[in-house]
Amino acid sequence: MVIIWWFWSLLAICASDSFRDQAVAIMRTTPVIDGHNDLPWQLLNLFNNQLLRPDADLNKLAQTHTNIPKLKAGFVGGQFWSAYMPCDTQNKDAVKRILEQMDVIHRMCQLYPETFMCVTNSSDILQAFRRGKVASLIGVEGGHLIDSSLGVLRTLYHLGMRYLTLTHNCNTPWADNWLVDRGDDEAESHGLSPFGKRLLNEMNRLGVMIDLSHVSVATMKDALQISRAPVIFSHSSAYSLCPHRRNVPDDVLQLVKNTSSLVMVNFFSNFVSCSDSATLPQVADHLDHIKKVAGAGAVGLGGDYDGVTMLPVGLEDVSKYPDLIAELLRRNWTETEVRGLLADNLIRVFSEVELVSNNMQSPEEVPITLKELDGSCRTYYGYSQAHSIHLQTGALVASLASLLFRLHLL
């Protein structure tokens, strides 16, 4: 009896190794493109973006989910690095701070040219693959970071931004965030405001992917209806398996299918199992569910490494992707489906976004209205209403001064 148990255990181990070997073989030619990694945020918190410090060496950095050896072990060939600053920068120094975070991503590429290749288009991702480098792209996480400015949007595009997450954990003057659905924030735009819709049109024209992670369901539906190009969820999971408001409900997944869009599954335990603990097979369940509802072309990976504190057992850092792929092969995912998940689906969406951009010419020029803006530190140059108010206030002050002068003479 013991011999039989040993024999079957040995067969199981061999089968497991076989699936992992198959995963590695696939990933050697189609490496992972992950949709969301917060290493730049960790570089700010740990080193104040001083990359030349000896303890900031990405070949040796031990306290993060991400470093160069782990990326190589995980067969990561493309990464959207998150340029992120929290919502408390809104109406303050958001634009300055996001420029600094984009700068640190560019400096990563300059400091480690043998590992990272900063790219800005879909064809260059494939070129980076061929050179054995990590194609490094910039995703700006939070619409508050453009300060409701079409000009800032365009400038960040020219500096390398290739997706914009419309909100983080706060509303912008033009889009509602996911906390509205939980009842923690009030709906202000009830999805997208008229300016928000114009801003999405400008994103389409530029070739900036629209990222709907962190937004309210109403914002999701507005964007999926309005966008001329497919959209992405850079780091979200399936609401049906874990009813957290950061996840994507099935009716939205159907819209994702109808628009050839993409959901890149988040590994944060609270979004996977709705608890502090989760497992690798539970992440595979989310991938299975999205594939079932939206199709194999609609699923990708957006682990949220270095942006979360709790990760599933078996997916503790970026080196673990082959184990997840082995689990999917064990579940009878085809090689074509696996390659789609790893990279091909994202490259398709990115290419379609670029194609839409090539067919759009005229930029959006009408700015957000003055009454939609907030913040006591603002100036209002260019707004005729503000100019009118300024003239009226100036005339009132002059009249009062004249009256006081006459009273003084009396």
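The backbone N, Cα and C atoms fix where each Cβ goes, and this holds for glycine too.
Residues or ranges marked as signal peptide in Swiss-Prot: 1-16.
A helical conformation is recorded for Cys87 (disulfide bond) in the three-state DSSP classification. The disulfide bond annotation in Swiss-Prot covers Cys87-Cys170 (among others) and rests on sequence analysis.
Asn121 (N-linked glycosylation site) falls outside any helix or strand according to DSSP and counts as coil. All protein chains included, Asn121 (N-linked glycosylation site) registers 14 other Cβ atoms within 10 Å of its own Cβ. Under the heading N-linked glycosylation site, Swiss-Prot lists Asn121 (among others), citing sequence analysis as support.
Taken from Swiss-Prot, the feature substrate binding site covers His168, Arg246, Asp304. For His168 (substrate binding site), the Cβ neighbour count at a 10 Å cut-off comes to 24, with all displayed protein chains included. Secondary structure at His168 (substrate binding site), as computed by DSSP, is coil.
According to Swiss-Prot, the feature disulfide bond maps to Cys242-Cys274 (among others). DSSP assigns Cys242 (disulfide bond) to coil, not to a helix or a strand.
What Swiss-Prot lists as N-linked glycosylation site is Asn258 (among others). DSSP assigns Asn258 (N-linked glycosylation site) to a helical segment in the three-state reduction.
According to Swiss-Prot, the N-linked glycosylation site annotation covers Asn332 (among others). Long-range neighbours of Asn332 (N-linked glycosylation site) (same chain, six or more residues apart, CB within less than 8 Å of its CB): none.
Taken from Swiss-Prot, the feature GPI-anchor amidated serine covers Ser384. Sequence-distant contacts of Ser384 (GPI-anchor amidated serine), defined as residues of its own chain at least six apart whose C-beta falls under 8 angstroms from its C-beta, are absent. DSSP assigns Ser384 (GPI-anchor amidated serine) to a helical segment in the three-state reduction.
Here His168 (substrate binding site) is positioned 25 angstrom away from Asn258 (N-linked glycosylation site), judged by their C-alpha atoms. Neighbours of His168 (substrate binding site) among the recorded positions Cys87, Asn121, Cys242, Cys274, defined as a Cα within 10 Å of its Cα, are Cys87.
The residues near the substrate site, meaning same-chain residues not in His168, Arg246, Asp304 whose C-beta sits within 8 angstroms of the mean position of the site's C-beta atoms, are Glu141, Asn169, Ser213, His214, His235, Ser236, Asn266, Phe268, Gly307, in sequence order. The two recorded residues, Arg246 (substrate binding site) and Cys274 (disulfide bond), have Cα atoms 11 Å apart.
Residues His168, Arg246, Asp304 are recorded as binding substrate; their most distant pair of Cα atoms lies 14 Å apart.
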